[in-house]
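Working notes for the structure below.
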Amino acid sequence: MAEVDEFSAFRHENDVSIEQRIVYFINSLIVALVPVYLYHAIFFMSIDDHMIIYGSVTLFAAIVLTFAYNNIYRMKRLKLSASREHISIASKNKVGDKKKFAAAQKEVQALVTSHEAIAASIMYNNAVFLICVSIFSFIIFKNVPLVYNYIISISLGAGLTSFLSTSSKH
């Protein structure tokens, strides 16, 4: 019975809260809107004429980036938690048998670790996405017509970012 409880706690630990999903989606929407400004300012693609394309591709990229944020968040949180487990064990040996204090300290440490993992996930994925979009749009697909350049560059940038987030090397 204890094993079942342990596994269910692990399963629920990997669930993403609604707040996190909202934060991820808002951040991914903001980052996916950056190329809209670039294409409007640099390539003179009118926002009024291409509103449907901008909106649909940006929404697609935001959804894909949301999954990438979650993947990196999980890996970063596990790595940070594992590295900080040694710190909490060492501090328990020094403090003694103050179980309430240790439990509160562990809870605060888990919350801080979670926030740090969210921040690292957002920074990493934003950088990868913007670098991919820049390389695709300005170097690889520079001779493709602008509308197709935008669609391909943003979609591939988001897809590649999501693909790279599934790697176990983080």
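The backbone N, Cα and C atoms fix where each Cβ goes, and this holds for glycine too.
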Topological domain name match (Swiss-Prot): ILE22 vs SER121, membrane: yes
So which residues does the topological domain 'Cytoplasmic' (142-145) touch in its own chain, when a touch means Cβ under 8 Å and the partner is 6 or more beyond its ends? 152
